[in-house]
Amino acid sequence: MALMSRVSKRLRRIIQRPASVELTRYEALLPRIEKREPELEMLDDSELTAAATELGDELSSTGTFSDRQLVEVCALGREAARRGLGERAFDVQLLGTMGLLTGHVVQMQTGEGKTLAGALAAAGYALQGKRVHVISVNDYLARRDAEWMRPVYDLLGVSVGWVEPSLETADRRGAYSAEICYGAVSEIGFDVLRDRLVTDAGDLVQADPEVAIVDEADSVLVDEARVPLVMAGSVDAGVADLEVADIVRRLRVGLHYETDPDGRNAWLTTAGASVVEKSLGGIDLYAEDGADRLASVNVALHAHALLTRDVDYLVRDGKVQLINASRGRVAELQRWPDGLQAAVEAKEQLPPSDRGEILDSITVQALIARYPQVAGMTGTAVAVAEQLREFYELEVAVIPPNTPNVREDAGDRIYAAPNNKLRAIVSEIEEVHATGRPILVGTQDVAESEELAEKLEKAGLPCVVLNARNDAEEAAIIAEAGTYERITVSTQMAGRGTDIRLGGADGSDRERVAETGGLHVIGTARYPSSRLDDQLRGRAGRQGDPGSSVFFASLNDELVLGHAPDVPDGIDADPETGEVTDHAAHRQINHAQRVAEGVDLEIHRNTWRYTRLIEHQRSELLKWRDEVLRTDTAKKTLSELAAGTGDAGDGSGERTGKNGKKAKKAADGTGSGDSGSGDTGPGDTAPGDARSGEAASEDSGAGDTGAAETAARETDSADEIDGAHETGGADDTGGDEPGRTTSGAQRLSGARLTELAEKLGEDELTTVCRRIMLFHMDQRWADHLAFLNNVRETIHLRAMAREQPLDEFHRAAIPEFHKIRGEVESRSAETLASAEVTSDGIDLAAAGVRRPTSTWTYLVQDNPFDSDAEQALKKVRGMLRKKRS
Amino acid sequence: MLSAFRSALATPDLRKKILFTLMIVAVYRLGAVIPAPGVSYNSVQACQAQVEGQSFFTLLNLFSGGALLQLSIFATGIMPYITASIIVQLLTVVIPHFEELKKEGQSGQGKLTQYTRYLTIALAILQATGVIALAERGGMFPNCTESIFPDSSVLTMAITVLTMTAGTAVMMWMGELITERGVGNGMSLLIFLNIAAQIPAEGANILNQNTPLVFGFVCLLALVIIASVVFVEQGQRRIPVQYAKRMVGRRMYGGTSTYLPIKVNQAGVIPVIFGSSLLYLPDLLVNLTGDPQNPSGFTQFIQTYLSDQSSWLHMLLYFALIIFFTYFYITITFNVDDRAEEMKKFGGFIPGIRPGRPTAEYLRFVLSRITLPGSIYLGIVAILPNFFLSLTGEGQNQNFPLGGTAVLIMVGVGLDTVKQIESQLMQRNYEGFLR
């Protein structure tokens, strides 16, 4: 059996067909579930809960679900749903539940009741005694689903909670402590990031992750995963360079600056550079030390040339608010990184907001990888099956629809020019509207939705607009989109997770609307992936409803211009309507979409490949952080450092010299991890490190074994660095780092520590040590991230020497990481030594220990570069083309 | 280096990868010496002994690890695959459909790979047929009279062709397996292996023909050459580059890790291959058209000065060609204007130098300066073995394993593979941080 499935998997891979899992095994269970139904109907509510609890006791002893247990979970769930929600779960929903309980991504059509299927699965896992996070795509859905499904959970005896951005820490902790917790992926991710920055173990909100059920899995796991979640803290008030913004505003495209066709980069021309230099008082922008000035010009130019108001951001309440491109809604608490935010604010002449610094980041992959058990559900999974397997090791199971889909999908209608297309869309709406059918129009961005709405208004066609400006009313608008004669114009989000019922939210007018032909969906342009197209089409034809869909496209759409601008010649348009029927045009548009999909996948994979190392480093550092957070390691470490220099002073010079020699020997490879015993302690570290030597002298004198431990550990870390050197990476890590440690440690003396302990009390000192150490740890990590960002930006240049950029990235990142521990310890010692003690206790703020006052998230764009060979080929291609023309 | 290997073997999954690669290597070497069906093993051995090192197919033979002249089941080797990939790459420029596929990212690339495989099979059939026809007519071993195919019926020949084609397909698969589940790039490793496999035999040859003292000297020299090639291959000029598109509060890391590297040997092995191929041409011409009994003046000239690899004219010409091709190749592949343009687009600049044309000029200046020592180095590495010829006597040629091409390829692939192992090691090398 296992062999067969392996063979068939391999075969599917050979014919390169995305795979889906067989469901026949679970279909066989459906009659058994049905048989249990009458028995369960006899129970009263409390008996039902008791039965669930009993099942839970049985489940908690096993890790997986046997067939009988699957039957029980589904039967109980169906009964609970019947009582709690008044709806009996369909067979296909239970199939979905079973798919989820066995760790698959299930594909269920829109409107088939994913929410209930997911809820029953969540209850199943919760009965196992595991904590379940139901991860959805936005906050609204998380809250709605949690509230909606609460009666079911109550009947099954499991608790439920949800998180959203406005929750206070205590409420958050409460929500996470429930057996099932709903939350948006960004919210859960940011709670993880925030938990990584707490300074008191009591402030943690999340417990160890156990099970994740991902709603709208393709959106969460693929679309959202392209961009890592980044947490930033405010450093100081932002400095908007109004002067630069002013200068840049006067520049003209083509003459002073240029942009690339896909709108990712803008740069000054020679003329532009001299204009800017003159305006700034005749400076040289490209001088050796002028990078900062140039950066502010570049950032201002980026804000001016590439970011458009109402497409990329809104100005609301005197603030710049970002629009999340993949969802078309305002991205709360998101900002642009690296001064771009301030530049946009300067462009819009708004007061600058706080300047931030990246504190920590996590990718969706890393977030999901924390959960030992993952399952997901969505309407469009097969299209991303390969990615789900590559990045998440998840298999897709396709659930058949309850009633067959009768939606009619028309072929694309292509127009030569955008204005032809717009006219055709308006007349199409007019035509369909006359029959009374409700219409849903999906546009590409906010500006387009408003332009179309205006056009419709002029044509006497009243419509409802749903875009980032009024996303709060999203669900209500979408729910009513099936009303007779209703026209809804929306951005791409189109209320994922909310059903469009024919005849309005209550379906009262269903018959009349169904007779006219149901909902008609119009796409104003093809989206960058076929999956998004399918999502929009899927709004119509829910649960066997009648419906139809059509996409309009033009060869001047952004999709085509950005990804396949070389439109073949000889595509003729109808002179009157501008419609293009040539097969080549269809091919061109499909090709452009595939290119876009390929680019997205590449971005995704690149993000993943580069962040995997960072995540690894982070998790190693977090182990240490956790230890410091939960125990008194910080104080121990610092007293060890202090003890090391306790009696520093007379006649240690000669000793140190000797130590140095011995240390050299150690560095030559004789020193090994087990040299931690008291007598080998001295000098097994790198040259110049007086600390461990002194620690050992303390050791022999006072018999303080703790000090010997420091020496031994320091030995290890020195060895480790040396090891890294040997394996070819580090150039200059060994020597100076322990030296730094020493200089810090020399200032923190044992006497100082005793003094502090007297003034503050032992407990307070422990807390202070912990806070100082955590602060430096977080600070050092932020620095490390900035360093990695810097390296990442130029690493593609290494390909020029035929080196693998990714390998080179590792080569740069790893030695840098090994410096962290030593530096954190030495900086902490320095801070503790220099902090002033006042009547209120120790003044850490004055010593530079400041936590960020607010945190927010960053929208980061990543840019895959062409490879070397790519460049060469491009050139040849260009030459050929020139010759042809 | 050694400690890296020790810890590589101590890391379970890396050890698995290395062992897997070695297993494929063993299978491959076995296949390289199994004679194809229908071939008379004895005749082949006898002929080989006669023509030792004098065939025109030495370069091909070198790339096939000796399997070609052995007429083994892997006789056609991976050359069809290499040719096919080059052809498909070039076709992406010519055929719009291929160009589209290439742009479509992974799914399109997958289809291109599939096409490459089909083309490989076709080319393998062609090449196998060619090889067999040549061997059957005695063209492969010119002065050998033994009959290589005792039974030359169509059926036998077809089976032989089929076997060799299958051999190529298997090699292609093994190469992909190494790339996927082993260490290094499978195809490069197999080429590396082919060349390295010749060393013992050639060494034995030298030992047989000369005194042990000469042999020892050659070995020593070989080591010195390899060491210096490794040294120069690693050399690079690092031009500092800054990307000024972010505003970062503290700029604490200077230009230490953000630079544009230019290798001393930026052109790689290509100029050597070009140069030696070009020098073969007159030789080939004379051999094909000339009358061996009654050589014309031209033929005599060619044979004295060009074909004889130890002649000073040959060496001088070879050296000059390599220098020319190095400059030529670098001008073609390293387009300074494109680089400067790309840097400008993404907000990068060389501190102190304006973007655009001045940057391009600066890059051109650095490049031309570094190419001179680079090309001289290539030339020296390439003609050094020719000096050996006088030492080791007749019968050696450019393609013997210490020849320029072979050493450069071997060192290149070797360095890449070691680097890859190293980087995988580094990614796992976090234990100890907390100890």
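Cβ atoms are placed via backbone N, Cα and C, with glycine included.
Feature list (source: TrEMBL):
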type	residues	note
BINDING	A:GLN93, A:GLY111, A:GLU112, A:GLY113, A:LYS114, A:THR115, A:ASP499	ATP binding site
COMPBIAS	A:670-681	compositional bias 'Gly residues'
COMPBIAS	A:698-710	compositional bias 'Low complexity'
DOMAIN	A:8-582	domain 'SecA family profile'
DOMAIN	A:421-586	domain 'Helicase C-terminal'
REGION	A:640-750	region 'Disordered'
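TrEMBL feature annotations superimposed on the structure.
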{"residue": "A:GLN93", "record": "ATP binding site", "CB count, 10 Å": "28"}
{"residue": "A:GLY111", "record": "ATP binding site", "CB count, 10 Å": "21"}
{"residue": "A:GLU112", "record": "ATP binding site", "CB count, 10 Å": "24"}
{"residue": "A:GLY113", "record": "ATP binding site", "CB count, 10 Å": "20"}
{"residue": "A:LYS114", "record": "ATP binding site", "CB count, 10 Å": "25"}
{"residue": "A:THR115", "record": "ATP binding site", "CB count, 10 Å": "20"}
{"residue": "A:ASP499", "record": "ATP binding site", "CB count, 10 Å": "20"}
Remaining residues near the recorded ATP site, that is with C-beta within 8 Å of the centroid of the site residues A:GLN93, A:GLY111, A:GLU112, A:GLY113, A:LYS114, A:THR115, A:ASP499: A:MET108, A:THR110, A:LEU116, A:ALA117
Span of the ATP site, taken as the largest CA to CA distance across A:GLN93, A:GLY111, A:GLU112, A:GLY113, A:LYS114, A:THR115, A:ASP499 (Å, rounded to a whole number): 16
A:THR115 (ATP binding site) - helix vs strand vs coil (DSSP): helix
DSSP-derived structure type at A:GLN93 (ATP binding site), helix or strand or else coil: helix
Structural state of A:ASP499 (ATP binding site), classified by DSSP into three states: coil
